[in-house]
Amino acid sequence: MIQELIPLTRPRTLAAALGPTILGAAFSYYTFGALHGTGLAIFHTILIFLAVVSAQIIANLWNELKDFKSGLDAGQKIGNAGSLTRGAVTPKLISTMIKVLMIVPIIIGLYLSATITWWYIPAGIICILISFLYSGGPKPISRTPFGEISSGIAMGFAIVLITGFAWTRELSLAFLIPALPATLLVGSIMLTNNIRDIRNDEKHGRRTLPIVLGRDRAISLMSITYIFNFFWIGAWIYLKVLPIPALLALLAIIPAFKTIKTFYTHVDEIKLDKAMGTTAGAAMLYQLLLSIGLIISR
């Protein structure tokens, strides 16, 4: 049963939760320090990560459930929905899991709001709302060209700011330095998923970004976002805002290149599924290595 449930949580997308949390904390530590002590800030960071991961799992289960009920996953060869389409996991079980897991982000969110700022509550509600509207509602965001940017904002930009605020107790324009690449990297994971599923999505009337742009332009867009992220780091190092060890993030070029190469080499959905792993790897490696570079330079 566990083996059937794990794919439904979309494990590869969970890197989208870990990366921005670590990056937000590392950037705050390097640039501002911890207003109320490093130990407390790290504790709050761990709680934020647990809340974000549990919320991400809930959103992923919800998205899989909605896609299954809408018939989008019927006969799908690859991806995460096999457990539902084969009947190995029932929709009722998924609904129960969602209700139980909701307890985790609610309790953590209330604690963090009471100890840091009550503004966390509306911020969290907005992020969760975006996550659920991604596949739910009369016009799911996942069926529009705005899926990548909405997920990037909710799971990248917002998480960096929320984590950063836990360290500094203030918002600064400086947080745009880690928040922008985090947003683009989360968006790239969703873009990879949509490029892979482009034929299935077209059959079901979706208007995702790759469908609107066309496959080749969507791949070019992904290449541009990768290039931008690498130049973004270089520019801030040149301006002496970031330390030279931040160049460690450039090692993420390796999985990023593999992703682009996979898309240009293959069109079969099963082979393209490998790109999901390298895209998530590029996102995680970029943010983790950048974080390490910041921490060791403190």
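Any Cβ shown, glycine's included, is placed from N, Cα and C.
Annotations in TrEMBL come from automatic prediction, not curation.
Under the heading transmembrane segment, TrEMBL lists 12-32 (among others).
For 38-62 (among others), the entry in TrEMBL reads transmembrane segment.
Summarising the annotation, TrEMBL assigns transmembrane segment to 93-112 (among others).
If you look up TrEMBL, you'll see 118-137 (among others) marked as transmembrane segment. The list of residues near the transmembrane segment (118-137) in space but at least 6 beyond its ends in sequence, with Cβ under 8 angstroms from a Cβ of it, reads 51, 55-56, 58-59, 62-63, 66-67, 105, 109-110, 112, 147, 150-151, 153-155, 158, 161-162.
According to TrEMBL, the transmembrane segment annotation covers 149-167 (among others).
The annotation transmembrane segment is assigned in TrEMBL to 173-196 (among others).
Within the chain carrying the transmembrane segment (244-264), a Cβ under 8 angstroms from the stretch's Cβ atoms is held by residues 192, 195, 219, 222-223, 226, 230, 233-234, 236-237, 271-272, 274-275, 278-279, 281-283, 285-287, 289-290, 292-294, 296-297, all 6 or more beyond its ends. What TrEMBL records for 244-264 (among others) is transmembrane segment.
The transmembrane segment annotation in TrEMBL covers 276-296 (among others). Within the same chain, residues 12-13, 15-16, 18-20, 22-23, 25-27, 29-30, 178, 181-182, 185-186, 188-189, 192-193, 196, 226, 229, 233, 242-243, 245-249, 251-252, 254-256, 258-259, 262 sit at least 6 positions outside the transmembrane segment (276-296) and bring their C-beta atoms closer than 8 Å to a C-beta of that stretch.
Annotation: stretch 149-167 has the most Cβ pairs under 8 Å to the transmembrane segment (173-196), among 38-62, 93-112, 149-167.
Beyond the ends of the transmembrane segment (93-112), by six or more residues, the same chain brings 5, 8, 44, 47-48, 50-52, 54-55, 57-58, 61-62, 64-65, 84, 120-121, 124, 128, 166 to within a C-beta distance below 8 angstroms of the stretch. If you look at the transmembrane segment (38-62), the same-chain residues 6 or more away from its ends with a CB under 8 A from one of its CBs are 8-10, 13-14, 16-18, 21-22, 24-25, 28-29, 80, 94, 97-98, 101-102, 104-105, 108-109, 111-112, 115-116, 124, 127-128, 131-132, 134-136, 155, 159, 162-163, 166-167.
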